[in-house]
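For 1-17, the entry in TrEMBL reads compositional bias 'Polar residues'. Feature annotation from TrEMBL assigns domain '1,3-beta-glucan synthase component FKS1-like' to 332-446. The region 'Disordered' annotation in TrEMBL covers 1-41. Summarising the annotation, TrEMBL assigns transmembrane segment to 495-513, 525-546, 566-584, 610-631, 671-691, 720-738, 744-763, 1494-1516, 1665-1687, 1771-1791, 1812-1832, 1875-1896 (among others).
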Amino acid sequence: MASGSGSSEYDTGQLRRTPSRRMTRQQTMVEPPLEEAPDSELVPSSLASIVPILRVANEIEGQNPRVAYLCRFYAFEKAHNLDPTSSGRGVRQFKTYLLHKLQKDEEENERRLARNDLKEIQLFYQLYYDKYVKEGPERKPEEMAKHYQIASVLYDVLKTVAHGKVDDEIDRQAKEVERKKVHFGPYNILPLHVSGPAPAIMELAEIKAAINELRQVENLPRPSVRSTSNPHQRVDGSLMPEDGDISVNDLLDWLGLTFGFQKGNVENQREHLILLLANMDIRNRKHRQYSLLQNDTVSYLMHKVFKNYYSWCAYLHRGSNINFPNNAETQQLDLLYIGLYFLIWGEASNVRFMPECLCYIFHHMADELYGIIGNVHLASGGYFEPSHQGEKSFLQQVVTPIYQVMRKEVQRNKGGTASHSRWRNYDDLNEYFWSNDCFKLGWPMNFEADFFDHSVVMHPKTERRDLVVHGRRKPKTNFVEVRTFWHLFRSFDRMWIFFILAFQAMLIIAWSPSGSLTAFFDPDVFRSVLSIFITAALLNFLQAALDIILSWKAWGSMEYTQIIRYLLKFAVATAWIIILPIGYSSSVQNPTGLTKFFSNWIGNWRSQSLYSFAVVIYMIPNILAALLFMLPPLRRAMERSNMHIVILLMWWAQPKLYVGRGMHEDIFSLLKYTLFWILLLISKLAFSYYVEIYPLVEPTKTIMSLGVGNYEWHEFFPTLQHNIGVIITIWAPIVLVYFMDAQIWYAIFSTIFGGIHGAFSHLGEIRTLGMLRSRFQWVPSAFSKRLVPVSEGERKRNEEETEVTERRNIAKFSHVWNAFINSLRDEDLINNWERSLLLVPYSSDDISVVQWPPFLLASRIPIALDMAKDYKGKDDAELEKKLKSDPYMFSAVIECYETLRDILYGLLKDDEDKEVVRHICHSVDSSIDQREFSLKFRMSELPQLSNKLEKLLKLLTIAHDDADNIESYRTQIANVLQDIMEIITQDVMINGHGILRKSSAEIRANEGDKEKLRFSDLNLELVKNKSWKEKVDRLLLLLTVKESAINVPMNLDARRRITFFANSLFMIMPNAPKIRKMLSFSVLTPYYKEDVLYSEEELNKENEDGISILFYLRKIYPDEWKNFLERINYHPKEGDSLKEKMEHVRHWVSYRGQTLSRTVRGMMYYRRALELQCFLDMAEHEAIMDGTRTSTHSKNNDDPRLQATAQAFADIKFTYVVSCQVYGMQKKSTDTRDRSCYQNILNLMIAYPSLRVAYIDEREETVKGEPVKCYYSVLVKAVNKLDEEIYRIKLPGNPTEIGEGKPENQNHAIIFTRGEALQTIDMNQDNYLEEAFKMRNVLEELDIRHGQSRPTILGLREHIFTGSVSSLAWFMSNQETSFVTIGQRILANPLKVRFHYGHPDIFDRIFHLTRGGISKASKTINLSEDIFAGFNSTLRGGNVTHHEYMQVGKGRDVGMNQISQFEAKVANGNGEQTLSRDVYRLGRRFDFYRMLSFYFTTVGFYFSSMVTVLTVYVFLYGRLYLVMSGLERSILENPTVQNSKALESALAPQSVFQLGLLLVLPMVMEIGLEKGFRTAVGEFIIMQLQLASVFFTFQLGTKAHYYGRTLLHGGAKYRATGRGFVVFHAKFAENYRLYSRSHFVKGLELMILLVVYEVYGQAYRSSTLYLFITVSMWFLVASWLFAPFVFNPSGFEWQKTVDDWTDWKRWMGNRGGIGIPVDRSWESWWQSEQEHLKYTSIRGRVLEIILALRFLIYQYGIVYHLNIAHHSRSILVYGLSWFVMLTVLIVLKMVSVGRQRFATDFQLMFRILKGLLFLGFVSVMTVLFVVCGLTISDVFAGILGFVPTGWSLLLIAQASRLLVRRLGFWDSIQELGRAYEYTMGIVIFMPIVVLSWFPFVSEFQTRLLFNQAFSRGLQISRILAGRKENDTI
């Protein structure tokens, strides 16, 4: 086929004229699509308009293939017209494929109705119209929509075939179809345009009232519509054209036409607003039927939506533009303003992250709206000319220009590599609108304004993602994110100043002669302590300097008042650092040194009071701040005030800023967290004083009093006094520990307070099955109190009718409890038998006692029978007392008796037989009443009766199961029944013969001596009755269930869920409202390309050990697998094959992974819960009490109207949107996995009809003759097993190009959510039905004040469901569980610093959608996007709470590498947080104690982790200095020191803090609280035996490395950890790549330090002292070097070790280059490891070089200890060592160059060169050994000294990469690096090789890794060996 310039390769001219001719075109090779993909789903985006045609073709193909062929032909022709040159992406391939299909169909399809195509399609159209479209039986709206769509397409095809000449009747029918079609268009929740009988949701009064309110448009002026490209608009400018396509039906339509909003946006926001109004209105209604909204409803919504706008206007001192003309309808105008804001928000795309920008846009558009309404009077209904013409005018004129600014700024970011100070992020652009300068933009916006970037004009055709934007850079706004650790000081300066001053004061006191704290009151000591104010002045000066330096690049956009404040602050700080030292020097008696100089300088005006006076003045601001701190309401009012005088007063203390004002809590909350921190600080400072500082003072004085020791190297400063180097070495680690140990004290105190709080919250009161059984009788009443909505009148009535109330409670409880138990069965956590034991019978009036679930009554009847059999008492009193002592036993006995009576009455037909039973029952009842049962009945015969009864019940059960042959059981049943009656009357009853004789006599009298068989006339039809059968089953269970039922359920997860649900009912939670009055909510889940549902191939795909996922899971969850097989009725012995049930298997596996299917199933439990609760709310009392079933499996309510209403309420209260960002791409992809994901997502929508999927659709559209990529936000649902588009809203560009992927994905979909609350759920989460029942209680928290205000974010606890996979997963699970429970509990109360840490938090949706959304999205800086939502919420006056009576499931990473990458990502995120403006503002604007809470629970934790590691370095390098300089020997051998043990005292505290076990305390406390402290201790011991300490120590290194690197150099990025099952062995090379820089290099460095410290100090130091000091450090080294291999499956298996070595050598030897991935070549990896140095700042490079210099100390120290040095201290020794070093490097370079140049062409010359070098080396070494006195130990010592030097040179070269490249040494540096990597790899690999020789090591490791799985029956030894059973699929 030819193609060329403008010509078509498909000549359709002939086809158009004769569409029925045979197609003889040559066959074309086409890549066939997947078999299951219909052609309609493969259409390229640019041909989207032909999709409906192809769908119609597929739909009717079964009815008439020829007509389907004509439809496809029409689609092909239309596609060709749309893109004649096939220039669009994928168009040529699709057209070729469709042509190929048409050729095939042309040959195969014959006409069925006529001889030609025209007649064929005419007849088919007529038939279809008559059958499906014509007035007839009522059909669902979805069905009618499909039929109208098909009829419409058929008519279009018919017109094409008939060349426009269509029969008049068909033409009339087609017009009728088009007229009615609009009433059956796609809809989301509300079918607003549907005709015919209204669905239940449209009959709800609140929905009707909201719609009526929005349709009040008659009095509005009408916009005149100009002629545009819109085919629906007329040229004459009329509002309602003749065809009626465009009409103003409501206020949203009017706003859409007036301001140029998109149709999809208008429709979306119309439904959004209707649902909001309806749900808000009904909450305050007492009556259900009404037609108008309350005024309060609209006012309340108005207040919530515009609270931020009003605040913005007041802040800028601008009047609000929400104005109302005189005599205007206020409610209508309120709705217009609300609708306008929502329409702006709905179309704003990325601008939604800029709330004040939205305020600016609304401000001007509201002014336009008021102008329209004011100028054209409302009552006149006249016309006006809108300023925005065209459907997309708002997008083009307002949103797109702002988007382009963002896009250009992001391009300056250079993919996250550029400095934050070089580009403006979302915050910078938004904060532009915090200043009155924003009004310079004007309206319409002036694109020449300074806000817009004019540097580059980008053309879509030539633009590139990595295009660098040049031109003048706009300044940052208000804040600059500079990479420096100084941000920690700047943000938390008050904390650092406090700790530094406290340290100084404690040191002064400890240094005093007495050393006691009472020395503080000594005048001299007190005067010395006052010097802390000088230190404070210095630190304040530093703070003022940092403010200027770090904000310098934002000065261009700052207000002048802020700049003046910075300069004045700096000037005042400068003045104080002059005044205070002068004043202090004047107050010192007998001054010396510097103080004397100052004293002489000030001369005669020296005064004793000057310093005190200065201090008082200096403290005035702090005193005022303290007073305001004690009056939070006053401080809050002052900060929030916009009065000029108040702003002026607050200007010095706190600059004017839009956010962060008035964040002060109420006085009670303030007292709570103040007390917490006062107690903590007292403990910390006391410990620091008595353990860290005071013990070190005396040794320090001793060491300072000694003379300077003998140096063993060349000392550059030999005259230093007081051994100052030793003092620094000793004190430096202690100082670091002092600043770090507050983190440990926080862990201790949070554990104590969190445990107390949890205990008071009733956590863990029911934690075992025994506890559940003991308290189950109170569970129904607790359920009714917490989860059943009760009005005040009902509550009083319930108190009066106790017995009736209890039965009603149990009846309602049974519905919910049984739904919960059934869900456990559906999830295969229990089997059928366990379910029957756990179900609570639906309440029945036939039984006089409460019917408890059988698991509570286990063995109660057999025990009661034994008691009765052995009873010897004279009357019944004692027996009755024994029975009633156990209420469950008493209930079981009564229930068994009454149930047996009912069964016998029902089973017997004959009246005389019934009379016998009646006589027996009367006798029993009367004897019980008279307490003569033991006298009238032989109780010893009761066991015999029980056995016979058991036999009868089993027969009845068998008969029910074999209902078709039920008559064959009649004789057996009659015989057993006769035996029972005989036993009762003859054996059990003492006078029972009389009953039978009397009855027989009556029969003979009545029937004339005719003998009749007794008890044989049976009603066997009753056996088929389901409810009667349940009675039989229950009675059988009561008689037969033994002690084993006490342990039901056996599954640990089922136990956990049951006990937690029961326990939560006794916890404090808000009362439940009725479903109709509950808050509405949405759930939003972002999804990218993760697993949706595992395919059969993935299930059975084996890893290198032969292990498949399916096999692995069957061994981990053996009980659940067995339950699953029972559920699907799989019987292998009967020939069943799992192949036939593969779909079930796929779901079973996927529900145990971290898949989207699991998440969706869990979230859709909300809907099931709502429907059931709605039934319980609305069903009649009798229906509930009579046992009307609401099965969780099917909706089989007796009343279909009730069912429809329940579904309607579920629709308006709950929406679930999954934001599948690339769903559209996956739909059209040819990749198998992508297509599978698409199909699985579609299947989820089909399975859950209320599920909605939002995605970003990329389309190619022709603009001015050129193809342009256009982007849309699209919402779809499943209709007729295909996805149907509901809304489509065009975007200004690709939204994910601007910010981080996940928040952008959430942001584009948030417009499709509904309701007042929004729950964010990640796709590795799960939910449980029983927890979903508590959702309406949780939502009530949003209306309850918690402290100062109502919550804006509700935090929920999580259960980590991946803990059982392996020991690592268990560690991670415990760590995460402690954080999401006790950790967040204490953060929320009392500390008030809980933020948003991810999911499953619930947001106040309206609060957040008007304040920037539910996350922040700026590239890199908002890497941890979730927590910034919490920061933003708090800064904007929000309140975050935490609630633990509801939990949501969550998966975590389960493998070592996954966990490490997750920790690295979080550490990266915290590094970026440290630089952020949010942390700075919170740190500066919180009060002191809340600031401490904030620091230690966010970035402070990571900084403390880094300081912990840094402490080890400082300590060991200090030891290295002491041992190499010889000062340690000199001091230790001094008799004075030996007596005082000074150095040992100095080292003692160090070891304590290296243990780090205190951080595990919260974990132990939470386990103890919820599982019991004995369990907690046991689990703690098991964790230690499983090397949990090794794991946590390793992760400490991960946190420290990535946090520090991010702060120094950047490089933070999202790390996809993968969420699969880790059943594979990670190769050595992979582990090396991951951990080389973060752990291995550091571990080897510390190991060398420890070795050097031991080797060069052993002559004078005891080994015990060495071990005492360094044992924790050796532990750290071992953890960092070998943890990845210890926790690597099969890490010590010999064959794996051999394979790893081969793989590692191959990787090391492979050459790198462009396009070669890091896992294929060491060179590529080595280059990628230096990426952060490519883009770091000069400051970062200098710091890197300075840090690298530390390695030179080894060489400097060791060379002076060599024997060859002969104790020389000359600097020449060190110089000679460098000569040797350079010589070695030159020789290596010569060999390398020789190999490159001579190895091939001059082989002989190269060999001679190597020989000469070898001879030279031997000669030199001989001379050194013989002449110079070199020894073997010197050789090894030299290696130990020179290796670190080489590494130092390597690091310096990497940091100076450009310079080294220019000098031509880069290749040599690379080869040097390769040599070092080889060496490090061998050193690390050798211990693994040695351990792999011993098979027991591998076995031990397996048990270590998978102990949890072993406890649940996992045979890991078989798994990892790959020896599988023969029952694979």
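One-based numbering along the chain as shown.
Cβ atoms are placed via backbone N, Cα and C, with glycine included.
Quantities reported herein were computed from a predicted structural model and do not represent experimental measurements.
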The transmembrane segment (744-763) and the transmembrane segment (671-691) contact flag, 3+ Cβ pairs under 8 angstroms: yes
Distant-in-sequence neighbours of the transmembrane segment (1875-1896), which means Cβ under 8 A and at least six residues beyond its ends: 1628, 1632, 1636, 1640-1641, 1644, 1681-1682, 1685, 1691-1694, 1696-1697, 1701, 1704, 1708, 1722, 1726, 1843, 1846-1847, 1850
Considering the transmembrane segment (525-546), which listed stretch of 495-513, 610-631, 1494-1516 counts the most C-beta pairs under 8 Å: 495-513
Chain residues in Cβ proximity to the transmembrane segment (1812-1832) (below 8 Å; excluding those fewer than six residues from its ends, i.e. six or more beyond): 1762-1764, 1766, 1787, 1790-1791
Secondary structure content, the domain '1,3-beta-glucan synthase component FKS1-like' (332-446) (per DSSP, counts of residues): 80 helix, 2 strand, 33 coil
Model confidence over the domain '1,3-beta-glucan synthase component FKS1-like' (332-446) (mean pLDDT, whole number): 88
